[in-house]
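First comes the structure, then the notes that go with it.
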């Protein structure tokens, strides 16, 4: 069987890995629109979380298998259609993730100084499409809308001491911009309460312990929560207890806090969580061009736990901030008119990864289940899709009696359209160049952010 995977992030690689491991004869081709592989492992994981990127080692093993091939610099839906892939392969698995962000849908969202967290993360991680973002960091207060791990990542990068960031693979230009940043206060704002935050304890603890920065949590937000968390699942309980402890702790209570408290007073960077506030409008400066603040509706919660709904109370509040980052979620886009797409939910309709009404077409990862969860969630989800493919091969739903040409058929189509694919060994040349460049600067790597530069390096 010749199978193809569209997208080389965790979903694509885990799907390929599982199929290759459990079917001794299958061949898998992975297509990727960028010259470089690994998707959000390269472009989403924070630069100061290098351990999370260790999965790249396993993905590299998969790509080097003689039954696997990687074709970067090929945009499915533009350079080649899904119908053309379906003719060349016995099965096609769409793993292209969520390449857009949800919008706030409020006035002032387009003012200068307002960015999606997605674009901001792409900027400091060297995602080509965001390399020219040039966020304005000249204000002292930033406001992040959202209470997930991405929101905490962004806050941490904004407030991290430079000496910590200098040792990471953060891009050169974003490091330079952060070195001149005036931001010293970051608020993370959510519509719901402390019991509904989506970030995890590891990220929260890291933020609380960030050197030279103090957390500002209001004790009033945490009164009467002891009872509410009695029966909560353990992770939620521990997370809430850590927030409560941080809110109620007086500076100087921790023994080690004596120097730290002095240090935190001397380094007046701070961050805090604000709850039960929904953004209504980004307020413009007098000339109507830039953001100067945000108007928020105070909310009350109806229901409890994860299903609690935020309902506006009618009260409003304004907060000054020159930088607004919306971190309210990523969003998948339809790839090709031939593929069914549920625009409401932002996913390809499927059951266990089998695309509804299109035999031989599958999906995995965020485009399958929505943009939630961490790498291990995507791993399990991709194994589930891969199982569906293997099962369909076993029972003959996928007819492998007719031979398919695979990349052979694609090669002539791509050549006729002037598209030159990038192989995995090509990527390894880019990789070596980045690592060498980084070494000179005392970093793990210096990412090349311009696809043209990548292709020039390969003589394309």
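Cβ coordinates come from backbone N, Cα and C, glycine included.
In TrEMBL, annotation is done automatically, which means it is predicted and not curated.
For 11, 32, 40, 76, 366, 373, 374, 375, the entry in TrEMBL reads FAD binding site. Sequence annotations record features per position, and here TrEMBL assigns NADP(+) binding site to 147, 148, 149, 150, 191, 192, 203, 373. Positions annotated as domain 'FAD/NAD(P)-binding' by TrEMBL: 2-158.
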Model confidence over the domain 'FAD/NAD(P)-binding' (2-158) (mean pLDDT, whole number): 97
Spatial neighbours of residue 40 (FAD binding site) that are distant in sequence (at least 6 apart) but have CB under 8 A: 9, 10, 97
Nearest of the binding-site residues (147, 191, 192, 203) to residue 374 (FAD binding site) - Cα to Cα: 203
Neighbour-count leader, CB within 10 A, binding-site residues: 11, 76, 150, 374: 11
Neighbour tally for residue 149 (NADP(+) binding site), based on other Cβ positions within 10 Å of its Cβ: 17
Sequence-distant neighbours of residue 373 (FAD binding site) in its chain (C-beta under 8 A, six or more apart): 381
CB contacts for residue 192 (NADP(+) binding site) [other CB atoms within 10 A, all chains]: 19
C-beta crowding around residue 32 (FAD binding site), within 10 angstroms: 27
For residue 191 (NADP(+) binding site), nearby residues of its own chain (Cβ under 8 Å, 6 or more apart in sequence): 276, 277, 278, 299, 310
Residue with minimal Cβ packing [other Cβ atoms within 10 Å] among the binding-site residues 147, 148, 203, 366, 375: 375
Spatially closest candidate among 147, 148, 203, the listed binding-site residues, to residue 11 (FAD binding site) (Cα to Cα): 148
Largest CA-to-CA spread of NADP(+) binders 147, 148, 149, 150, 191, 192, 203, 373, angstrom: 20
Spatial separation of residue 375 (FAD binding site) from residue 150 (NADP(+) binding site) - C-alpha basis, Å: 14
Top Cα neighbour of residue 375 (FAD binding site) in the set of binding-site residues 147, 148, 149: 149
